[in-house]
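So that you can see what the record holds, here are the features copied from TrEMBL:
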- 171-205: repeat 'PPR' (REPEAT)
- 239-273: repeat 'PPR' (REPEAT)
- 309-343: repeat 'PPR' (REPEAT)
- 344-378: repeat 'PPR' (REPEAT)
- 379-409: repeat 'PPR' (REPEAT)
- 484-518: repeat 'PPR' (REPEAT)
- 519-553: repeat 'PPR' (REPEAT)
- 554-588: repeat 'PPR' (REPEAT)
Amino acid sequence: MLKIPNPSKLTINLRSFLVLQSNPISSSSVPSQDHIARLILDQKSAPESLQTFKWASQFPNFTHSQSTYRALIYKLCTFRRFDTVRQLLDEMPQSIQSPPDDTIFITIVRGLGRARLIKDVIKVVDLVLRFHEIPSLKVFNSILDVLVKEDIDLARKFYRKKMMASGVQGDHYTYGILMKGLCATNRIADGFKLLQAIKTQGMTPTVVIYNTLIHGLCKNGKLGIGRSRSLMNEIEEPNDVTFNILISAYCKEENLVNALVMLEKSFSFGFVPDVVSVTKVVELLCNVGRAMEAVEILERVESKGGVVDVVAYNTLIKGFCRLGKVKVGYRFLKQMETKGCLPNVDTYNTLISGFCESGMLDSALDMFDDMKTDGINWNFVTFDTLIKGLCSGGRIEDGFKILELMEDSKEGSKCRISPYNSAIYGLYKENQWDEALEFLTKMEKLFPRAVDRSLRILGFCEEGNIENAKCIFDQMNDEVIVPSVIVYDCLIHGFCQENQIREALELMNEMIDRGYFPLASTFNALIGGFCRQGKVGSALKLMEDVIGRGCQLDTGSYSPIIDAHCRKGELENALKLLSQMGEKGIVPDHLTWNSLLVCLSQNTIWLNKNNLSHVNKLLQVIITDT
């Protein structure tokens with residue numbers, strides 16, 4: 001008999017026992033085997049489990065069973081007491097007059113698997129044979145399942161040399177395990193061979209086996225998805241998982257047409273795709289501006305009894321916000337609430353971002369206040385989004401108020417610099433350079449490295465030492481410190497002064513990617529640089545890009561290009577730009593007038609061709625506007 005610690009020296013988990021005692025055990029007050037099994041499972045250590053097992057043995061007329069041994073073995077495996085487990089196995093034939101059953105061996109296999117004792121898992125076959133029994137298919141499958149997760153080649157070897165050699169014929173579960181292992185390691189060709197082997201044995205592969213192979217194929221991109229579609233046609237009765245796999249795969253490849261086709265096919269088979277697949281379709285539709293179609297899909301899913309969760313609604317709301325229809329997105333927030341799908345912080349953050357992007361800053365502030373009323377806690381994204389929207393939208397004072405709220409909140413900035421950079425950007429847009437520099441300096445306590453690097457860059461730029469400034473900038477990037485807008489602006493001007501226009505342009509594009517839109521003076525530095533290099537076409541292209549982005553140009557934007565045209569004798573092109581200035585109400589400076597007059601004096605032939613009246617009209621318009 002197994003040696004168990006003295007019950008008097010150990011304490012059973014009495015709370016668990018009292019719970020069991022609250023239900024009548026039996027008329028003779030002898031606990032049932034199920035009661036003891038549950039009590040063993042509820043213990044917190046291997047000694048306590050052993051003690052409970054021994055304590056139950058002391059009841060008159062009580063005998064242990066496979067279930068109580070299984071419970072104890074499970075607990076011992078949890079605490080890696082495998083030698084004690086072997087002792088229990090040896091005593092079972094005498095103590096309960098029967099050898100361990102399949103469930104006990106499967107428990108041992110899984111326990112060894114969790115402990116990553118793979119060689120011992122395989123030896124369970126020999127353990128079963130000690131009791132003069134060939135392992136059952138269930139035991140073989142449980143071993144195979146553990147081996148597949150560890151090493152597919154080892155699992156296949158076990159299947160051939162142990163299972164097949166023992167004369168045990170695999171079933172659908174066996175082949176499903178092997179297929180899972182092959183596909184997990186991208187052995188798709190071997191997966192098809194296994195599929196053919198199943199058919200050769202006269203078995204019809206289950207939908208689970210097909211789904212596993214289809215999923216493996218879909219992970220290989222477009223080619224794999226195409227083969228998956230063909231493979232799906234072999235399935236007698238595809239299930240909802242089949243459609244979910246293919247819908248998700250098409251969405252991942254951004255193949256909207258086929259994703260929608262598969263969605264319709266799913267509906268026609270009577271299946272409603274799960275919320276994850278549906279959300280991916282909604283996201284794909286919203287990404288291409290078809291948010292209203294996404295609404296229709298969600299409505300169909302709901303009408304068919306499918307679940308639409310907060311993530312799906314958030315995806316839809318984000319789609320409408322991206323289209324500039326933030327008010328429509330807000331209506332869906334209200335619709336969510338009426339349907340019992342409560343919005344979360346991401347819902348509000350998305351709408352705050354949408355209102356800010358649309359210039360509806362008061363509405364963004366209202367949403368911010370609504371969060372507090374509705375019991376939704378602000379997080380960093382909430383503060384960061386609103387501060388950026390307010391500061392870039394000219395509401396700097398309000399932006400600083402939200403910044404103070406963030407600093408006073410539990411959330412705080414969490415050492416993230418972006419809200420502070422947004423504040424600097426707001427000051428920059430208002431041409432408040434001194435205030436921006438002062439604020440940057442005050443940030444030193446929170447972000448010492450960022451402020452130190454930034455001030456050194458500004459100092460080098462002021463000295464005209466652009467190479468050292470660029471070295472410090474590269475160091476900031478290596479340290480994953482996001483530079484502020486004034487750092488970018490100073491570097492761009494510095495590169496332009498050194499006639500390094502390509503570097504300046506790359507930096508400006510990086511600046512815009514970070515959400516900082518340059519002032520006209522920054523564009524002007526680049527336009528002037530292109531013109532000095534004789535690249536008037538590049539200067540004009542940049543100007544068109546600037547106008548397309550809604551930037552307000554000034555005299556300094558037009559003057560270098562007009563001067564460049566005049567130097568080339570291209571008076572007509574220069575006058576076209578002068579006309580644009582008049583239409584925009586921009587007053588030419590003395591350089592522009594000087595360039596035009598010199599060019600006019602050198603183009604008497606052009607003036608004599610009845611163009612003088614045109615020039616006079618143009619000049620009269622400009623003089624009138626000024």
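For all residues, glycine too, the Cβ spot is worked out from N, Cα and C.
Please treat TrEMBL annotations as automatic predictions, because they have not gone through curation.
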Take the C-beta pairs under 8 A between the repeat 'PPR' (484-518) and each of 344-378, 379-409, 554-588. Which stretch has the highest count? 379-409
The average per-residue pLDDT within the repeat 'PPR' (379-409) comes out at 94
Please report, as numbers and ranges, the same-chain residues at least 6 past the borders of the repeat 'PPR' (519-553) whose CB is under 8 Å from any CB of it. 428-429, 431, 489, 492-493, 496-497, 499, 501, 504-505, 508, 560-561, 563-565, 568, 584, 586
By DSSP, how many residues in the repeat 'PPR' (344-378) are helix, how many strand, and how many coil? 26 helix, 0 strand, 9 coil
Under DSSP, the repeat 'PPR' (309-343) has how many residues in helix, strand and coil? 26 helix, 0 strand, 9 coil
Can you tell me how the residues of the repeat 'PPR' (379-409) break down into helix, strand and coil by DSSP? 26 helix, 0 strand, 5 coil
